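For reference, the structure discussed in these notes is given below.
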Amino acid sequence: MSDSEDMTEFASIVERIERGEVPIKNIERELICPICKELFTHPLILPCQHSVCHKCVRELLMLNHDDSFDAGSESSLPGSPRSRVPSPSMERLDRLVRSGGSRGSISSPGWRRGSVTPRVTTIPCPGCQHDIDLGERGISMLFRNFTLESIVERYRQAARAAVAIMCNICKPPNLQEATKSCMDCKASYCNECFKLHHPWGTPKAQHEYVGPTTNFRPKVLMCPEHEMEKVNMYCEVCKRPVCHLCKLGGSHANHKVTSMSSAYKILKEKLAKSIHYLISKEDQVRTQITELELLISQTEENGQLAERQANEHFERLLETLQERRSEMLRSIEQSRNRRMEQLKSQVEEYQGMLENSGLVGYAQEVLKETDQSCFVQTAKQLHVRIQKATDSLRTFHPAADTCFDEFVLDTSREETLLKEMCFGGVPDPPLIDLSQSKVYNEASISWRLADDHLPTDHHVLEYRRLIGPSQSPSQEDGEDGGFWRATDRVYGSNTLVHDLEPDTLYSFRVRSCRNSMFSPYSPEVTFHTPPAPVFGFLFSDKCGFSTERLVLNKRRDAVESVAGTAFLLAAERVQTGSYISLDYIIGDTGISQGRHYWAFKVDPHSYMVKVGVASDTKIIEWFHNPRDTSSPRYDHDSGHDSGSEDASYEVSQPFILLTLGMGKLFIPKASSSTANPPAGDPGNRVLPMPQRLGVCLDYDSSRVFFYDADTMRCIYERQVDCSGTMFPAFGLMGSGKVQLEEFIAAKRLTF
């Protein structure tokens, strides 16, 4: 086909589309809502460009966000999903959708009037399964798909061509068939009624009228965000129509936009070209449909064959198992019968030893023999038998063993093999990555797949509670409390688990799925949740922060001590017996009540780092009374061996700092550590530095706890004076670095 012929056919297709001459009877599947599976009714366009019925969106929001509705006012609102209107007028529905909850005509799901914090509503798109964020105003931000409404209406009319649209003005029995529909009046008229209600010389005579229809839509598409503005531009970033206020100061201010006419021309040309391409490839499409139908048939046959083969394998396994069962039970029966016969024979032998019976009775009769030669002839053999019976009586041994230990069957290995029995296409089990997984109030669990793995469809993470807050390791939850809970399908390699209980041991496992076949479970891993809710903060760059010796990153979740020139000059005074002071930095958020937990990493190569809590009064003393040097006896947390220091350390102080450095952690003297080392032995007060250290401040109980954050083992706890606002405090000397845990910082950074 030449280029000129191709362009002519293309133009013909566009004209046919514009005149509505394209057959509509075969497009029903495109007009079906993915939720209610019926023809679209007042469809709305989601941000992902899929359309859903207005009522279906509301019901989906109700299903996923029951707590985001105002139950007290919902039933009285016309737009509420619970007060359904059988046939709302197009004008009223358009007003409801555009106005949302701002005029009181509809309670927009995802936003509650009077709420200080707007709720962000997210629903899964039924078309593409992606999460759709509808924003604070919910469905009031969605456009109605008027084009789709018109197509659905044409389809309905084509399906009921024999049913005429009647005049809305005529009254029975003189009801007439409509010949026109007024788009301004939103009503259908016969010729006489139209002339009567649209007389010449009046404004109504200028109304727009079309052929009979029941689909009345607004002449102009209005902006859902600025209700009185017409959309006249197209945002190329968001792929949606916008008004000039959206571009001037709204959410599209920095987006690239184009005129509506230009967007209309470009998109219509693209769509028409795409349609032309598909029509030109109709033979190819039909060939591929034939191939697909053949593949469907082959899939059915191969599936039935695989099912028969699998059934045959299981039948053979059952036959083999039945044979082995019969053989092994037969062996047990034979051994039991043999032993029973031996024991019964022994019983008969011993019964012969009784008086006037058996061997003894026979011997008693022999003794009555008076002929010497005859007696000797018989008594010799009888004496041997009597002697054996006597020896057997003295050394009694059962003739057979009653124990059947050799017949105990261990089927654990076979049971494991049967449980792991799978098809050749089953994916390999994933492995939970301990280095990338963290657990706080919620768990971030990551896993990795085998290097040579094939693509998987999704993963399922399961978890269960092992030990609760008030349980000991010997009191693990039984079937009621420790059952496995499964997350939703995960299409990546990590997921979040919410609403975990504090101070609780959890077990996690994961498995993969490909073509509806699940892999074996990964090895279980356990994590212990913190003893208190996570406290979110960042390092403060305002209060006493030393820019000369401390370097804070842009996110303010990591601080590093740099031994610069100032530190070197101060070190000169070591010759006089003084000591260089610490550089302190605190969190940007204080604690005045409750129980809180945070965690961090200390670089194992750090020279000295002190971590803990301090009150606002102590912080003022540190930052507003600077000292270049300090005595080892000045601060009670210095760790030097001093009798006066140990005595004063028993008194509750407005701060507590634990010393770490050079890969070690130093337990203060006279501490109430869980390890409880001897106070006189400094070697027992030095522990390896944990990879992650956790701090828990119980403000109400005036106690602070230090944990190994990986195992949640309490290393050290102590009383602290919580008379003021307490802050996370850190002190660094020489080279050192502290990195806040990601969850601790992320919670704060989102604000």
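Placement of Cβ uses the backbone N, Cα and C atoms for every residue, glycine included.
Note that TrEMBL annotation is computational and uncurated.
When TrEMBL is compared with the stretches 282-338, 624-680, the one noted as coiled coil is 282-338. Of the given residue ranges 71-91, 470-490, TrEMBL assigns the label region 'Disordered' to 71-91. The predicted model assigns the domain 'B30.2/SPRY' (517-748) a mean pLDDT of 77.
Per DSSP, the domain 'RING-type' (33-59) is made up of 6 helix, 7 strand, 14 coil.
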